[in-house]
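As given in TrEMBL:
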BINDING   33, 34, 35, 36, 37, 38, 39, 157, 196  ATP binding site
BINDING   186  substrate binding site
């Protein structure tokens, strides 16, 4: 299933096979605050590598799909940046936490099923349990990438602090307790971003 409006962003539904079936050369776990530009950075990486080499995975895809089914909602509208998604964001966070507390790898196993590209970019890594699952399964192939932007930049991108969202684990779960292999500053300076991405791409090519 492909997310409308985002080419080559994927997740899988249905039965879950062994995540070891298609071992990647590299797994980039992207994290960052809302409106830091995680999706943009993920898409830039994929556009430079090509969709045959790089797959973008979204842990929120299977979460939103299952949440929509259980609550009778419009799944496709939960995928975009509309107010519709924001209306249900807090309850989706609560519901997702309940699923993860029962099974920390629930969404991770779904999202990697059947992916065959050698480079995976998980564009919405939010929790330590996500990092631990990928490290346990894929070991040294995992790299942590933090996308950062100032509050001023995020506000220009229409970010507004929401109690219960911006102070929840989904936003703050990786603020401490992890060491990032890469930090990408995405404040709107195209030349700076390009230079940072080229360094990361050089590393990626060294692993292929």
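Heads up, the Cβ atoms here are built off N, Cα and C, so glycines get one too.
TrEMBL entries are annotated by machine, without manual review.
The most crowded of the binding-site residues listed here (186, 196) is 186, judged by how many other CB atoms sit within 10 Å of its own CB.
Residue 37 (ATP binding site) and residue 186 (substrate binding site) have their C-alpha atoms 7 Å apart, to the nearest angstrom. The number of other Cβ atoms within 10 Å of the Cβ belonging to residue 33 (ATP binding site), over all protein chains shown, comes to 18. Looking at the residues that bind ATP per the record, 33, 34, 35, 36, 37, 38, 39, 157, 196, the two CA atoms farthest apart are separated by 21 Å. Listed in sequence order, the residues of the same chain lying 6 or more apart from residue 35 (ATP binding site) and placing their CB within less than 8 Å of its CB are 149, 153, 154, 157, 158, 159. For the pair residue 186 (substrate binding site) and residue 39 (ATP binding site), the Cα-Cα distance reads 11 Å.
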